[in-house]
């Protein structure tokens, strides 16, 4: 009897999708772009991309996407140099659904006018939460007088405070998450959308997306695993076949460098400088005026 570990109920946070998937946090800001984010979600990445930079999900995976930053009505900024729109995000989620890359998806966004980012969603099994309604700002929390900036956003602060009390056996549901930051605390009005989600939010546990335990499927089928030596041997044979199929490389015709170096420099034709010509004409005019005067100008023109 073999035991296979599936990806069902596996929570994937945006930090995992972007920062951890693209390497160390210190170097990841170069690769965290709108294009790369959409490619990771939809799986449109080169075959050479390592597993650490892929979203390894299927139709049994629960995906959590958390986004925060500066935004506005229908867009969110990336690195203050580009933006992702609510239409691009909605189309990416539809591609994920068509390609069976998720079972259920939880989308949380903390930005100004955050509710505008989930207005265009049309794919099934998506639940969305936002820190503010259209026309509202999303405010910060915990100012640090030492550096003169705020350390965290209000909505993120209260959501994190709520999630720190959750354990793998918790029975807390999504309706509880909707109430974590009322307007009295957030100042803005948090919103949520559940019409695309098939299950009732009160029946959806927080642990279905946060800190859940991976479920195990037990099968009676025998799975034969290849030894490392067999894998290396098959890979070596494939590389040899690829080398045989490749056309032999040819050098392009190069310039006759030796002949060019030994050529004698061509003598340039001599031309009088422009200042010399102007000076000569000025001298001729001065001599003319001194000899004949201005009254003879009519004979010239």
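Every residue, even glycine, has its Cβ placed from backbone N, Cα and C.
Just so you know, TrEMBL annotations are computer predictions that nobody has curated.
Keep in mind the model is a prediction, meaning the values are calculated, not measured.
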For the annotation transmembrane segment in TrEMBL, which listed range does it cover: 250-269, 270-289?
270-289
So of 70, 112, which of the active-site residues has the fewest other Cβ atoms within 10 Å around its own Cβ?
70
Between residue 70 (active site) and residue 112 (active site, nucleophile), find the distance joining the two CA atoms and give it rounded to the nearest Å.
7
